[in-house]
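Listed in TrEMBL for this protein:
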TRANSMEM  12-30  transmembrane segment
TRANSMEM  42-75  transmembrane segment
TRANSMEM  81-101  transmembrane segment
TRANSMEM  146-164  transmembrane segment
Amino acid sequence: MKLVASVKASWQTLVVLLTPIALCPLVFPFSDTSLESRCACLMVLMAVFWITESLPLPLTSLLPIALCPLLGIASSKQMCAVYFAETTFLVLGGFIVAIAIEECQLHKRLALKILIIMGVEPRRLMLGVMLTTAFLSMWISNTATTAMMLTITRALLLKLLTAYKATQRRLTLDT
């Protein structure tokens with residue numbers, strides 16, 4: 001097991017070290033370097049790192065912030081404006097709220113409250129999910145609401161499935 005881990009680690013290190021060397025002709029051709037070739041080099045480098053996962057994906061996604069200014073593709077101000085846009089932080093903040101709600105098991109409590117108030121009839125259950133979604137959309141972004149409602153709906157379905165299986169077991173024991 002240790003051998004497999006060490007081979008994987010050394011393989012990933014080789015990919016990280018050799019890929020930029022292999023792509024050097026795109027960046028430093030014999031003639032004048034073009035913006036297109038440098039951008040293509042960055043795109044291929046990131047694609048290789050993403051496919052092989054030789055670098056962690058979040059680190060790979062941040063490579064353009066560092067490499068675009070170094071390669072002369074764009075300034076760091078331009079790159080940071082793309083990465084740190086208000087919309088990005090709005091969506092990121094919403095996902096953080098959704099993860100926090102899932103972490104403290106609030107999604108299960110909401111699912112149980114929906115079941116208790118609305119019952120198990122499909123139309124009423126759907127109305128409960130829709131009202132919960134509408135209420136949450138008033139406070140957090142629609143994207144984060146969708147992410148959170150996925151966990152709430154999943155918890156709701158798991159509770160219904162558990163109750164259904166328990167009912168089935170009771171019915172088989174009664175007969």
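Note that Cβ sites are derived from N, Cα and C of the backbone, with glycine treated the same way.
Note that this is a predicted model, so its numbers are computed, not measured.
Sequence-distant contacts of the transmembrane segment (81-101) (same chain, six or more residues past either end, CB-CB distance under 8 Å): 62, 64-65, 107, 140-141, 143-145, 147-148, 151.
Beyond the ends of the transmembrane segment (146-164), by six or more residues, the same chain brings 94-95, 97-98, 101-102, 107-108, 110-112, 114-115, 120, 125, 129, 132-133, 136, 140 to within a C-beta distance below 8 angstroms of the stretch.
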